[in-house]
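To start, the structure itself, in structure tokens.
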Amino acid sequence: MIMRPSKRAANELRPLSFTTQFTRYAEGSVLVTLGNTKVICNASIVEGVPRFLKNSEQGWLTAEYGMLPRSTHSRMDREASRGKQGGRTVEIQRLIGRSLRAALDLKLLGPYTITIDCDVIQADGGTRTAAINGSCIAMIEALRHLQRKGILQTDPLKHKVAAVSVGIYKGVPVLDLDYAEDSNAHTDMNVVMTDNDAFIEIQGTAEGDAFHAKELDALINLARHGIKQIIEKQQEALS
């Protein structure tokens, strides 16, 4: 038994909420709040696909991710002012895009592109997992918009998708790390799954001591436990 900084149990998520229709203009818009982490996720739809998909008879989904300058303890420069995106930003937006494309039948989407914009307004660990969880809802809202307009006859959604962080903190596997835990964890892992208990992505790194197979199993089971709860929350938000 350990005392986590947030006083949560090892297998306990931070408080999680989704506010839908958060902004006015996007086809899908969600504010996701995960403890003290807050991310706005917007889904926009345009007709047409990237050049590499021309004549492919399928749609596309892409994602962008960014953090407001004062989303963290001290102000950071906007990446636009530096003239390029950082490696972390590129990695995260690719992860979001891969995760959500796994939820779709892109051929059923047709000649449309969904762009997901994730803007972190307050960061306390887990921004990429929160972004995936909120973006899944925003994407589904955007698909419903196309269905209401009669553009989509068949729903291209195959699965809901959710993500959570797990890690080894003070020698104990824990679920949903906040910043205080993440910055001191011996192992940090992000897990993305579908609502039928299948894995999309597992990213794990040992920061200090290497971890063993039994610890990996414990982390994966913690992630499955957390993702099941997150998907239930997503369903409530979409009902």
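Heads up, residue numbers simply count up from 1 along the chain you see.
Each residue, glycine too, has its Cβ placed from N, Cα and C.
What Swiss-Prot annotates here:
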type    : residues                      : note
BINDING : Arg88, Gly126, Thr127, Arg128 : phosphate binding site
Environment of Arg88, Gly126, Thr127, Arg128, the listed phosphate site - residues of the same chain whose CB lies within 8 A of the CB centroid: Ile92, Val120, Ala123, Gly125, Thr129, Ala130, Ala131
Diameter of the phosphate binding set by C-alpha atoms, the set being Arg88, Gly126, Thr127, Arg128, in angstrom: 13
Thr127 (phosphate binding site): tally of other CB atoms within 10 A of its CB: 24
Number of Cβ atoms other than its own within 10 Å, given for Arg88 (phosphate binding site): 11
For Arg88 (phosphate binding site), the three-state class that DSSP assigns: helix
Where Gly126 (phosphate binding site) sits in the secondary structure, as DSSP reduces it to three classes: coil
